[in-house]
């Protein structure tokens, strides 16, 4: 440790050790602090260069590399060097000077300033940081100066080390910056054993060069979008176990039915009446398709008739050419089947149709909110409040069952003939014309209404659903997405990933404040759905309006400021 420190101190003395007040070795100590400040900047620079190729991939390897770089460059090397410099000066006071030449030793014993005195005594003979701060001696002014230097200088250095880390991890989540600032906090705490005067001059050199260290890290630039949006490598999974073919049954069995509670109850129920001849769908299907409602890359949505129960349903057929797609659809369908809310679309069954897996859902007659706003103009504050409270309740019910929507937008809110809002399409069916990215590890959602953290590659969460709901309400009030429209879906996605300001909020709305809070780019600062629901229902109550009325009242369109 002292070997490294002596080499650093000799280099610092050679670079800048002028022979005037407060003394050449005092100046050399400050210069040593400046040189040590370059080490965390070098670590951040290496991270920024590595991320040019890895982007936002944070697997075990990249996390280990970034963690090692942070600990070594911010904690281990700076602590070895700074504490080693302090020990060298303490040894000089005891007469153990083996690291200096005779000419250097002579200047160490000189006095350049009255208030400093002999340099070796000033640097190595005083109390350490802990004793200086907790057991003050001498004048109050002297203690105040020490307190200021030993707290403000490290705090300022911490700020710029954090900025270096945040700059290195641009276009990605903020949490990896902890690999740098947490070790720096440990470094500051570990420095309490240094002599106070060495620590003061060390931090005096460290702070300005930590500011300068931002420049090369910023010049490297962020990872390109092509790397940020690159799909993550898929983990190899064992092939599915082959099952024997099922025994033929009169009609398809359900995949969503819960296990029978006692078997005797099911046996006591009478079976369904056989359908009349010719009433079954094509290919022997139980569901007769009557009208195609939408089509996308994931599959097709049909209006159909359940020939067994004689009711209209929505049939979402997902073409599942591989095992992963089928597993994903079955997993989401089972989760959605347990969601129970009057304004959340219900799932009846998951069946095997001749052309793929089919999700049998409640058919909702009505118009999408997007069509209503586009055709008739924005809705008023009362209707928007009812919409927000109702959809927040439906989303909260889904979240309680562990289900995330991931693609909430105006076209996924249906207004029935009575004007009541219903939430549909939990990321399973795709409407025609939507631009989505569906590769494993990529963003799922429509770019104009996707939360910033999703656009940057972070997984969906209740907070991201809450952001999308707020964006949908803002659209209903203003007629435009909260970030405005972009020429292409990729441009909209880039605006989301940059967390561009929400510049198209309805300024005159009574909900403007809660909308701004719910659209905060930082997920942890957003109010929860339950908090939003309480706020909006409270506003409706104070306005003398019910919370369960229709969402149909239209106001004239005006351009937001």
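Keep in mind that glycine also has a Cβ here, set from the backbone N, Cα and C atoms.
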| Correct range for transmembrane segment (source TrEMBL, candidates 2-21, 62-81) | 62-81
| request: Quick one: sort out which of 122-142, 143-163, 164-184 is the transmembrane segment according to TrEMBL. | output: 143-163
| said: For a quick check of packing: other C-beta atoms within 10 Å of the C-beta of residue 316 (ATP binding site), how many? | reply: 27
| message | Using Cβ atoms and a strict cutoff of less than 8 Å, what residues sit near the transmembrane segment (143-163) while being 6 or more residues removed from its termini? | response | 37, 40, 74, 129, 132-133, 136-137, 177, 180-181, 184-185, 188, 191, 196, 199-200, 203-204, 206-207, 210-211, 213-214
| message | Just to confirm my parser: what is the rounded mean pLDDT across the domain 'Protein kinase' (287-540)? | response | 84
